[in-house]
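As structure tokens, the structure follows; a few thoughts come after it.
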Amino acid sequence: MVTQSFLKWVLTTSLLSSAVWASKHVVHEKRDSAPVGFTHLNLAPDDQILNLRINLAMGNQAGLEAALQEASSPTSPTFREWLTKEQACTVESFAAPSAETVQAVTEWLNSFNITSAPATPAGDWIKFSVPVQTANQLLNTQFSIFNHTESGQTSVRTLEYSIPDDLQAHVKTIHPTTSFNGPLRGRSPITAISAARFTPEAEKRATVNCNATITPACLQTLYGIPTAQASSTTKSSIGVAAFSAQNANENDLAIFLKDFRPDLPSTLTFTTELFDGATNSQTGSRAGVEADLDIQYTVGLVNGIPAFFEDVGSKTQDGADDGFLDSINDLLAQTNPPLVFSTSYGFDVESDLSLSLTVAYCNAIMQLTSRGVSVTFASGDGGVASTPGVQCTGKPFPPTFPTCPYVTLVGSTENVPEIGAGLTAGGFSNYFPQQSWQADAVNAYIANLGTTYAGLYNASGRAYPDVSAQGERVEIVVDGETGLVAGTSCSSPIFSSVIALLNDELLSAGKSPLGFLNPWIYANPQAFNDITSGNNPGCGTQGFSASEGWDPVTGMGSPNYAAMRTAAGL
């Protein structure tokens, strides 16, 4: 139904568009309509306060990209010579905007009596708060209120905005503007969490069937993961992201360790770091299934390596990104961030966020990986549909979020011997191109695929997942009871724990951590268990099939610790 306020909004937008050209403004970003699932309600009140952020062009992005390529390429003479935060050639020195950019944007904002502040250590993001009326004038637009039908969640957005033409080279994106997203979703479809089959624990450990339930012992056997406790002086570390008010429960972890890692002290725990108003409460609230899963399958596998629970609250500073960008910027601000950082949350599909915001987020991850941090993500649980419930029958396969090439995307396997799990989101990005380090492996798969699904996927896009690990019937403890969960949410912390253990050995030997993983992964196919069976149905199709080499169900395969150790130079 066309409302009176919507007609007013269209008219106002049209008038403002005329004013844009008169004042030598140009449209900086535009979308034809709100995404499916969003409806326009009315104009945003003039006095409503918007917390805006501007991503400024890096002073030397090409230099940062080149430095990361040199440090991450296995054939480079400076392989794994990661950048630092403090020394002369730092990530921040590359990422900081030029003096010209700072001056141009500052003068523009000052003309509207707006004072901004840096939002990141490098100053490539700035922030300020203004009423809607001022934001409308600043960006020659009209902010409106949109409703996400499924959740009832409302947000203030616009379909286009403009900036002076002489700022085009200085401003990468402004948000929240044209990015729309529904509620943040945990990856795993927690369909099987239930009061568990209680048996005496010693008996359960001795008789576990790894085709019926996955435990740390199963993973140690399947992947050859070491069990010896790490030294108290280890320099390795691992972190997991937490969103949506998920609480990781210390008591649940203690029970999990007692039941499934009795060889480790049950007093092992994790360090909580709170951001954006988060509170990881241990009393008066139920544990979060996602949070418990992530902590139990890091602490329970890394053998005493320090684990960090990076808890992002609801008072996010990054608008449409719902804390994703905050989580990376929070780590960039740290002198010693966790050397592996796993995230098991995401939006429904890649196109939920605008291209400019997604690229800006990816560039922040690039900064983090340049410092030797491995960033991993659960690929999603909807097969080629990316997320369960996405309606795409007869339509192109919607890519997952994120498909950033600086992220290692982790799919799922199941059973022993392993096959690809049908839930794995796998395919090809529409936002990022195929990467040089994956070209040979991916093009071989595409050649074998032939005309199957022609037109339903972007054959020139960044392919994912990169790797995989067990993700079905994984046993955890929640609120004192054991039960089973499934999803790539399980796979990401499992794979990340393997990387943390390898880092422990590397650092103990005086070597650098693995850092940005993807070029190394694709250069060492022998380091992974190649999975050749399974498929990921969705969108009314059977999805892609696993095959020899890389495939969109299991990537390059699952961990083989001994082979990975050799490939890492140990």
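Quick reminder: no glycine exception, Cβ is built from N, Cα and C everywhere.
Any TrEMBL annotation is an automated prediction that lacks curation.
Database features (TrEMBL):
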- 1-22: signal peptide (SIGNAL)
- 213-570: domain 'Peptidase S53' (DOMAIN)
- GLU290: active site, charge relay system (ACT_SITE)
- ASP294: active site, charge relay system (ACT_SITE)
- SER489: active site, charge relay system (ACT_SITE)
- ASP530, ILE531, GLY549, ASP551: Ca(2+) binding site (BINDING)
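Close to GLU290 (active site, charge relay system), meaning Cα to Cα within 10 A, are the following recorded positions out of SER489, ASP530, ILE531, GLY549, ASP551: SER489. Annotation for GLY549 (Ca(2+) binding site): same-chain Cβ neighbours under 8 Å, separated by at least 6 residues, are ALA441, ALA444, TYR445, PRO525, ASP530, MET556. Taking the C-alpha atom of SER489 (active site, charge relay system) as reference, the shortest distance to any of the recorded positions ASP294, ILE531, ASP551 belongs to ASP294. Annotated pair ASP294 (active site, charge relay system) and ASP551 (Ca(2+) binding site), C-alpha to C-alpha distance, rounded: 26 Å.
Of the listed recorded positions GLU290, SER489, ILE531, ASP551, the Cβ environment within 10 Å is emptiest of other Cβ atoms at ILE531. The recorded positions ASP294, ASP530 differ in how many other CB atoms lie within 10 Å of their CB, and the one with the most is ASP294.
Of the chain residues outside the Ca(2+) site list ASP530, ILE531, GLY549, ASP551, THR532, ALA546, SER547, GLU548, TRP550, THR554, GLY555, MET556, GLY557 have their Cβ within 8 Å of the site's Cβ mean position. The predicted model assigns the domain 'Peptidase S53' (213-570) a mean pLDDT of 93.
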